[in-house]
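S.K.: This is the structure I have questions about; it appears just below.
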């Protein structure tokens, strides 16, 4: 290993501890931050912390542009750098933090499933011939939980038996913050059906496992498996590109369309900033405009 590579490795190790312990950031977010920072150290040829300055940031941005990275990717990398520079200053490894100006990003509005598409999607697992009834029960519970609560895929995978009550689920979100999210009667029924059948059998393979959603080996279900199951069912009902996050978008937009308060939706989604939730008001507005052009007498 070269001296510069060794320097990068040690710096990233210290940064990892800062993110995990001091900031309480989830392992996946820590990994993403560290990948972006390591790329900065490599592209800007940083061999010592005193080489980190405004010029090195400009050089990094220039190389990102040459690599034809999107503005969204660049913005994410710069956010990671801002946190990294704060860490260095706190650790007295950097006298002055370089100024970072975030690029303006055009936010693409998410493609939203209609109520009819969601209902069709929710029905898929229990209506497919020859699909193992136990797997169908689990997948139905997953789909209902996503749409009923709007939680993230990582939050669903992390759900434990003790997190579920009759009316709420306790969700551990970004920054390990917990929140209580109401759950619908149908979603609770789907979860109970799964818990009383398939999960009880699976837990025999791994008695100490406390997570709700398990693989056929009795282990905690991972994000990639959930992603594959959702896309499998989605292809049966729509040509739209659907992911677990699509059900989160549908949850928020359908609540707004039915006049739910934006602040309540923000709380249920676990957004720290209202601006993250406001994107759904634009989606709801697009839906309103579409209905106007469909039903207004002068447009018929």
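Positions of Cβ are set from backbone N, Cα and C atoms, glycine also.
What Swiss-Prot shows for this protein is this:
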ACT_SITE  152  active site
ACT_SITE  174  active site
ACT_SITE  245  active site
ACT_SITE  248  active site
ACT_SITE  271  active site
ACT_SITE  280  active site, O-(3'-phospho-DNA)-tyrosine intermediate
DOMAIN    6-89  domain 'Core-binding (CB)'
DOMAIN    108-293  domain 'Tyr recombinase'
S.K.: Within its own chain, what residues at least 6 apart in sequence put their Cβ under 8 Å from the Cβ of residue 248 (active site), listed in sequence order?
M.R.: 146, 150, 151, 152, 269
S.K.: Quick one: pull the CA-CA distance for residue 174 (active site) versus residue 271 (active site), whole Å only.
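M.R.: On Cα coordinates alone, these residues lie 9 Å apart.
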S.K.: Under a three-state reading of DSSP, tell me whether residue 152 (active site) is helix, strand or coil.
M.R.: coil
S.K.: When a 10 Å sphere is centred on the Cβ of residue 174 (active site), how many other Cβ atoms does it contain?
M.R.: 16
S.K.: Can you check which residues sit near residue 271 (active site), meaning Cβ under 8 Å from its Cβ, same chain, 6 or more apart in sequence, and list them in order?
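M.R.: Spatial neighbours, sequence-distant, of residue 271 (active site): 277.
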S.K.: Can you check what DSSP calls residue 271 (active site), collapsed to helix, strand or coil?
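M.R.: The three-state answer is coil.
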S.K.: Tally of helix, strand and coil residues over the domain 'Core-binding (CB)' (6-89) according to DSSP?
M.R.: 69 helix, 0 strand, 15 coil
S.K.: Of all the active-site residues here, 152, 245, which one's CB has the most other CB atoms within 10 A?
M.R.: 152
